[in-house]
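Q: Let me give you the structure first, and then I'll get to my questions.
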Amino acid sequence: MASTSKMVSIIIMYMPLLFTKAFSQCEDETNNPCNNKSKALSLKIIGIVVILVTSILGVCLPLITRSIPALSPDRSLFVMVKAFASGIILATGFMHVLPDSFDMLRSSCLTDNPWHKFPFTGFVAMLSAIFTLMVDSMATSTYTTKHTTISTAGDHEMAVTNGGVHFHGHHHSQKGPIGSQLLRYRVVAMVLELGIVVHSIVIGLGVGASNDVCTIKPLVAALCFHQMFEGMGLGGCILQAEYKLMKKAIMVVFFSITTPFGIGLGIGLSKTYKENSPSALITVGLLNASSAGLLIYMALVDLLAADFMGPKLQGSIKLQIKSYAAVLLGAGGMSLMAKWA
């Protein structure tokens, strides 16, 4: 009995010290032998260049291969490549962004009760998916209505000019469905880019603020793989949207610079930004949760479901099996990357 009471008294005596130590580790950098500020800076600069190049290569690959008949959007190979890239985007949401958000919002560095008593990550991800559906639906409706109005006005003017109603009816029936599908592709491309941009900046911020050389090396390698194939998925959507050259260039540049920009921002804020501080954990955790909801929705609804329920894949079981294998390969490869990033 005496030994038990003695043990309890020792625990009570050292408990404040343990809490103080844990709190200081949350606020300060750990005494990690891998922490090397000058070497980490060199790696981050190299990472900016390499990630920029792989991002440009990934997003441009579907655009520059349009002249190759086997990779045109109406061919089976393009469908399988897009399925592979969609699997990567899906795994990014489920295996990278969502678990990071859970870890951050359940961190022991957050002492406030609400963050430990309510699953904010799942809640915010759910709201984000619903909000993405709203944006997706309303943007499609708005653009379709606008396009139909302009098309109808143009057809009416053409009919008056040519002096015949018959020509008007024939012209309108040909253009309507094609325009609607094209507008759908454009909405998907824009919303997908928005989701990718948000989580790319957050990932880059974490890399730029870190001085852990042992973490930065594999993380940069994983991000190169990530940006390459995620870019291919976005590039495929941009290709199907049939934007003009200037709009394509803007979307390519915007995607390509976001992660390097995030790394640069992290470098600039490395003195003030502490990744384990409560404010950083809450802000980045909520951003990751919202990004995860958006990416998961886009991958499942606008990319995978749209393609697999479309006439191309519904017309061929063999192509469906190949495309499912491509999805699993992409999702599996990206899930494996979760070990390092």
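Including glycine, each Cβ sits where the backbone N, Cα and C put it.
TrEMBL annotations: computationally assigned, not manually curated.
What TrEMBL records for this protein is below:
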- 1-24: signal peptide (SIGNAL)
- 40-65: transmembrane segment (TRANSMEM)
- 77-98: transmembrane segment (TRANSMEM)
- 118-135: transmembrane segment (TRANSMEM)
- 187-207: transmembrane segment (TRANSMEM)
- 219-239: transmembrane segment (TRANSMEM)
- 251-269: transmembrane segment (TRANSMEM)
- 281-300: transmembrane segment (TRANSMEM)
- 321-340: transmembrane segment (TRANSMEM)
Q: Verify whether three or more Cβ pairs under 8 angstroms connect the transmembrane segment (219-239) with the transmembrane segment (251-269), leaving out any pair fewer than 6 apart in sequence.
A: yes
Q: Between the transmembrane segment (321-340) and the transmembrane segment (187-207), are there three or more CB pairs that fall under 8 A, provided the residues in each pair are separated by 6 or more in sequence?
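A: In this chain the transmembrane segment (187-207) does not contact the transmembrane segment (321-340) - fewer than 3 Cβ pairs sit under 8 Å.
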Q: Hey, which of 40-65, 77-98, 118-135, 219-239, 281-300 has the most Cβ-Cβ pairs under 8 Å against the transmembrane segment (321-340)?
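A: The listed stretch sharing the most Cβ pairs with the transmembrane segment (321-340) is 77-98.
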Q: Under 8 angstroms, Cβ to Cβ: which one of 40-65, 118-135, 281-300 has the largest number of such pairs with the transmembrane segment (77-98)?
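A: That would be 281-300.
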Q: Other than its close neighbours in sequence, what residues sit by the transmembrane segment (40-65), given a CB gap under 8 Å and a spacing of at least six beyond its ends?
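A: Residues 71, 78, 81, 207-208, 210-213, 216-217, 220, 223-224, 227-232, 234-236, 238-239, 248, 251-252, 255-257, 259-260, 263-264, 266-267 contact the transmembrane segment (40-65) from elsewhere in the chain.
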